[in-house]
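*Asks:* Shown below is the structure under consideration.
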Amino acid sequence: MAFLFSSYKQKYAFLSTLLVFLPLHLLISSSVADLSFNFYGSSCPGAEFIIRNTVRSASSSDPSVLGKLLRLSFHDCFVQGCDASVLVRGNGTERSDPGNASLGGFDVIESAKNVLEIFCPGIVSCADILVLAARDAVEALGGPVVPIPTGRRDGTVSAAVNVRPNIIDTDFTVDKMINIFSSKGLSVQDLVVLSGAHTVGAAHCNTFNSRFKRDPRGNLELIDASLDNSYAQTLLNKCSSSLDPTTTVVNNDPETSSTFDNQYYRNLLAHKGLFQTDSALMEDDRTRKIVEILANNQESFLERWTESFMKMSVIGVRVGEEGEIRRSCSSVN
């Protein structure tokens, strides 16, 4: 018998309920079978509510924190797995690496941890808080509610040397991006779908202003011909208004920057991808076809996002007796 749903929200409300009753090993690899849905149901039943409430409260005063929390989860999970190692302060840590200098949202994670330590001391990991906060940020932006298994443990090592080999730089080719995603157990489809995170958030000019410049007469000169001329002119004007390209911020999505939707893919079809890595997705047959599907079907994007984000959330997790439960997210015990 086929189930009929009038919207993706109904479909995933049903899916979220169903997942609670399915063995986790049927959904994700056996290496993370110690994770489970509603892991804190007995030990800290209000955990997910506290995290969600903290995210919502922080975003009411600073809406930009939602995109920051989502990006923070990527930079954590892709380096040593989803173990909250990016949260650790100190010289030589992941957080100290220049590649992570523009990350934000740390205070939100720490705030949630502080509340949880009052009600459930030593129970909820920073790794779970970080992944759940990113999930809740997407929901707050109008995206799907992703069913996330919990029970992650926090890592005890955070090293800057591990950052650069594992994160995507804005000038990477599709081949380089596929290689990194493949090393994390993620597919080409996951690459394109998770790139959809650029439908929200913002970036500093120095991450994309190498794609254009002013000629001696002060006119726009495209260095990257894959970029729409009028969009490049807009970016040039914005980035030229400041002497410091590391502080000037531009929305990743020029159309619907505060809504989690498939506008990012429509932007790519119009040659308005902010980063070179965005535009590159349109130049490779393996990725362009997926972009076209997602640009024309928002429900398909939201469904695939749920699948791909869940896969990312279990990369390299510590479980059981591995790692620790930190007392503070910014330092190991």
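The first residue you see is number 1, and the count goes up from there.
Cβ atoms here come from the backbone N, Cα and C positions, even for glycine.
TrEMBL entries are annotated by machine, without manual review.
In case it's useful when we look at the structure, here is the feature table from TrEMBL:
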DOMAIN    34-333  domain 'Plant heme peroxidase family profile'
DISULFID  Cys44-Cys120  disulfide bond
SITE      Arg71  site 'Transition state stabilizer'
ACT_SITE  His75  active site, proton acceptor
BINDING   Asp76, Val79, Gly81, Asp83, Ser85, Glu94  Ca(2+) 1 binding site
DISULFID  Cys77-Cys82  disulfide bond
DISULFID  Cys126-Cys329  disulfide bond
BINDING   His198  heme b binding site
BINDING   Thr199, Asp253, Thr256, Asp261  Ca(2+) 2 binding site
DISULFID  Cys205-Cys239  disulfide bond
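How about a rundown of where these features are and what they're close to?
*Replies:* The Cβ of Arg71 (site 'Transition state stabilizer') lies under 8 Å from the Cβ of Leu103, Gly104, Gly105, Ala197, Gly201, each on the same chain and at least six residues away in sequence.
Sequence-distant neighbours of His75 (active site, proton acceptor) (same chain, 6+ residues apart, CB-CB distance under 8 A): Val86, Glu94, Asn100, Leu103, Val163, Ile167.
Cβ neighbours within 10 Å of Ser85 (Ca(2+) 1 binding site), excluding its own Cβ and spanning all shown chains: 28.
Taking Cβ-Cβ distances under 8 Å and a sequence separation of 6 or more, the neighbours of Cys77 (disulfide bond) in its chain are Val131, Lys184, Met312, Ser313, Ile315, Gly316.
Take the CB of His198 (heme b binding site) and look out to 10 A: across all protein chains shown you find 25 other CB atoms.
Taking all protein chains in view, 19 other C-beta atoms sit within 10 angstroms of the C-beta of Asp261 (Ca(2+) 2 binding site).
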*Asks:* When you average the Cβ positions of Asp76, Val79, Gly81, Asp83, Ser85, Glu94 for the Ca(2+) 1 site, which other residues in that chain have a Cβ within 8 Å of that mean position?
*Replies:* His75, Cys77, Phe78, Gln80, Cys82, Ala84, Val86, Gly155, Ser158, Asn162, Gly316
*Asks:* Cα-Cα separation of Gly81 (Ca(2+) 1 binding site) and Cys126 (disulfide bond), in Å?
*Replies:* 13
*Asks:* Rank the binding-site residues Thr199, Thr256 by the number of other Cβ atoms within 10 Å of each Cβ and report the first-ranked residue.
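*Replies:* Per the Cβ count, the most surrounded site is Thr199.
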*Asks:* Using the alpha carbons only, what distance in Å do you get between Cys205 (disulfide bond) and Asp76 (Ca(2+) 1 binding site) once rounded?
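*Replies:* Given the Cα positions, Cys205 (disulfide bond) is 23 Å from Asp76 (Ca(2+) 1 binding site).
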*Asks:* May I ask for the distance between Cys239 (disulfide bond) and Asp253 (Ca(2+) 2 binding site), taken between their Cα atoms and rounded to an integer number of Å?
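*Replies:* Cα to Cα, Cys239 (disulfide bond) and Asp253 (Ca(2+) 2 binding site) are separated by 16 Å.
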